[in-house]
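Residues or ranges marked as (2R)-2-phosphoglycerate binding site by Swiss-Prot on the basis of sequence analysis: Q162, K336, R365, S366, K387. According to Swiss-Prot, the feature active site, proton donor maps to E204, an assignment based on sequence analysis. The Mg(2+) binding site annotation in Swiss-Prot covers D241, E284, D311. Positions annotated as active site, proton acceptor by Swiss-Prot, on the basis of sequence analysis: K336.
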Amino acid sequence: MTAIIDIVGREILDSRGNPTVEVDVVLEDGSFGRAAVPSGASTGAHEAVELRDGGSRYLGKGVEKAVEVVNGKIFDAIAGMDAESQLLIDQTLIDLDGSANKGNLGANAILGVSLAVAKAAAQASGLPLYRYVGGTNAHVLPVPMMNIINGGAHADNPIDFQEFMILPVGATSIREAVRYGSEVFHTLKKRLKDAGHNTNVGDEGGFAPNLKNAQAALDFIMESIEKAGFKPGEDIALGLDCAATEFFKDGNYVYEGERKTRDPKAQAKYLAKLASDYPIVTIEDGMAEDDWEGWKYLTDLIGNKCQLVGDDLFVTNSARLRDGIRLGVANSILVKVNQIGSLSETLDAVETAHKAGYTAVMSHRSGETEDSTIADLAVATNCGQIKTGSLARSDRTAKYNQLIRIEEELDKQARYAGRSALKLL
């Protein structure tokens, strides 16, 4: 009854107007699953590889080759398999690809099928996706990390850090957390506008004002939190995504916007000072992806009082995460399904983190779609934290809206993670 009888891949557009892969999976009993694959702007060197067409069509970014793989090689390999055998299906696709980075079939082709299979199996079982994947204990609604000021690769401004985020740690529900975020977002918009700044939004729905440095961005956010009637650090904490790999050159961190250069120790001390001066509770990619010594120094410096999240460092890869755990580097992993390229490997990364006492943060990409799968996965894994952009653009709000629905469905079983999500608070 849950055998796979049809798989259809197609080329659609993501939130940046670039092509991406969407996959439909149909089971013998008529159950159906659909998944669309996200794509990043600042990508780690160790990520699984997307299959793109090259050439002039869509300026080389077309995904017709990946769609052809879905409709051909992948369908031939898993047609007739039981959709409830997720691990076996994912392993079959990994083996079929045969490379270390999914570069043959393409992580975008494999992931689209992997997620669509899970959705079809969930429908066949009569369960919502979060319950099908997570079981009866899936009940924790994550604290959102809301990216309300953009810089770096996500914006055309002098700010070197990529994201400035607010975390409604003092809210009592996801519904209330979204309200907190929305009120601060709109207050910030007015304050930026009054100060003469542009209030257009970037890839992830945050503002991209022409500010001189990180402190200026943090000051605007702090003022907006207070103006909206909240207490910084108590109701709403702050977070950074430095995306430091993007400005790591020849062993140093080159801040072109500030016209400053910091060596790894100076970079770590700078982040420590920011975390001391502001209620910053989480810093993502504070050091570059291959600057393991810098990461170790930063972790030893502030890892006991600040969540240090590895994104480009770990790329949702359990093997790299285990290296980090062994070396005592970072204390959290960012989880992006397309970095590793299958649902099973994504879940394995979260489990590996939790077993080692590391936290895990479910995350979107800057190129998103209306697909809200990561909202379900955040609840399924009880990871307690999610990054899915600002409070604007429907590709971002789709995930918040899905979390609100899940909370409503769970009713009294639902628990908003709040401060407990960040073990150091």
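Using N, Cα and C of the backbone, Cβ positions are placed for all residues, glycine too.
Source: prediction; values computed, not measured.
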Residues within 8 Å of the D241, E284, D311 Cβ centre (excluding the Mg(2+) site residues themselves): Q162, E163, L240, C242, A243, I283, D285, V309, D312, L334, K387
Close recorded positions near S366 ((2R)-2-phosphoglycerate binding site), where close means Cα within 10 Å, chosen from E204, D241, E284: E204
Where R365 ((2R)-2-phosphoglycerate binding site) sits in the secondary structure, as DSSP reduces it to three classes: coil
Which of Q162, S366, all binding-site residues, has a Cβ with the fewest other Cβ atoms inside 10 Å: S366
Neighbouring binding-site residues, C-alpha within 10 angstroms of E204 (active site, proton donor) - of E284, D311, K336, R365: R365
Pairwise CA distance, Q162 ((2R)-2-phosphoglycerate binding site) versus D241 (Mg(2+) binding site), rounded so that it is a whole Å: 6
Close binding-site residues near K336 ((2R)-2-phosphoglycerate binding site), where close means Cα within 10 Å, chosen from D241, E284, D311: D311
Cβ-Cβ distance under 8 Å to K387 ((2R)-2-phosphoglycerate binding site), same chain, at least six residues away: P144, M145, N147, M165, L334, V361, M362, S363, H364
Alpha-carbon spacing, E284 (Mg(2+) binding site) to R365 ((2R)-2-phosphoglycerate binding site), which is rounded to whole Å: 14
Longest CA-CA distance among Q162, K336, R365, S366, K387, per record bound to (2R)-2-phosphoglycerate, angstrom: 17
